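Structure record follows, encoded as structure tokens.
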Amino acid sequence: MAKYIVDGGIPLKGKVGVLGAKNSGFKLLIAALLSDESSTITNIANNSNVVWVAQAIKGLGGEIVVEDAHTRIVSGQKISKQILENENSVSRASSMFIPVLLHRFGRAKVPNPSGDKIGQRPIDMHIKGLEAMGAKVVENNGFIEAKVEGKLKGTKYRFDKNSHTGTETIILAACLAEGRTIIDNAAEEPEVDDMIGLLNKMGGKIRRTGQRVIEIDGVSNLRGVEHKVMPDRGEVVTFACAALATRGDVTILFEGNLDMRAFTEKVLEAGGSFEEKEDGIRFLSKNTLKATSVQTAPHPGFLTDWQPLWTTLMTQAYGLSIVHETVHENRFGFVESLKKMGAEIEFFKPKVDGPKQFYNFHWTQKAKISPHAIKIQGPTKLQGSSLEVNDIRAGATLVLAALTAEGTTVLENIEHIERGYENLEERLELLGARIKRVG
């Protein structure tokens, strides 16, 4: 098992580039399979999600070629299997293969990414959308099996809750379906628009017609194209929080425009500074950080993926901060590790009107009894510790905490971090961090 050894307390300074969005790149590879022609996807981060999707494509008989470290050429022409084997299950990604296989074979069998029985889970929204388009879907021995007579049919479907991957799954299903599909309460994330941009280049007819409304007119076929993955907003937030928490000065480089307003507004509120540049954003610490509360929300709000990083940043701010998680039921798994390092964090259950409608997750019995907010009293001098990484978000958060802490921190199971970040330790070293990968 690989691990990081981090000596903290060093202000990070310099320039660092961000790679293609980890919530976009591997999904674009799947979307490109809708065409028999080859598509070239550039600026794709070489993380383990991409590696796993590539293995899944090959397992189905499809073609994927590594042109260079950040370029993949992919084609679905030679896909010959309708079953995605269990070893190729890539959490949410496996469900996105369903529409690809339905369009080709009228049947699909993929590992259940939730790993439990159908009930109150995010994937149920994907399944209901596919069923509304004429597919019959059942669960059998850890797999989701789907079939359709003829072609999928356009429909009007409304998501009960905001679903990023669900929206993308139904877009993939609608692209080659008969007739028009209207998705209501569709996700508004720029990463969804990245997929829409790719599919429209390929000949799709997809447009946003209102707030959270997407219309898709099905077409008979799609062509191969070249497409560049958008920059990763999560990486921008990661390096920005690292700059601010270590009282450093970091310029984050990327091409194009990124909507970071929900984050940068909070940076200003907390006393941090940033400067927008032609080639990125500079984040620097000029003033003492002050406690600033956040409530997560789907885009254009403060994203749930950002809140663990913000929580760590707020351990260095003066005063009491509150972080209220409204998007996912269980996103505070990293808190105990921060407390082990000395952070003063307390769980609590905020009072809200109509929690079933207010929260973006299903209001299950577990959700009813779980706390969905924390109070952070700062500033705290974090101390180096020995910690285990349990998921991508916790991993990046604990790296940030280790960079901020006094002394040495050892982070075990960094494979979770590498699932979403390419060469994170090398890029941090460029900024002056004392971080070493072992194993």
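Using the three backbone atoms N, Cα and C, a Cβ is placed for every residue, glycine included.
What TrEMBL says about this protein:
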ACT_SITE  Asp116  active site, proton donor
BINDING   Lys22, Asn23  phosphoenolpyruvate binding site
BINDING   Arg92, Asp305, Val327  UDP-N-acetyl-alpha-D-glucosamine binding site
DOMAIN    7-428  domain 'Enolpyruvate transferase'
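Structure with TrEMBL features highlighted.
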{"residue": "Lys22", "record": "phosphoenolpyruvate binding site", "Cβ contacts under 8 Å, 6 or more apart": "Ala45, Asn47, Asn49, Asp232, Gly234, Glu235, Gly420, Tyr421"}
{"residue": "Asn23", "record": "phosphoenolpyruvate binding site", "Cβ contacts under 8 Å, 6 or more apart": "His164, Glu189, Glu191, Asp232, Gly234, Asp305"}
{"residue": "Val327", "record": "UDP-N-acetyl-alpha-D-glucosamine binding site", "Cβ contacts under 8 Å, 6 or more apart": "Asn162, Thr296, Ala297, Pro298, Leu303, Thr304, Tyr359, Asn360, Phe361"}
For Asp305 (UDP-N-acetyl-alpha-D-glucosamine binding site), what is the secondary structure by DSSP, using just helix, strand and coil?
helix
Between 0 and 100, where does the mean pLDDT of the domain 'Enolpyruvate transferase' (7-428) sit?
94
Just how many other Cβ atoms lie inside 10 Å of the Cβ on Asp305 (UDP-N-acetyl-alpha-D-glucosamine binding site)?
21
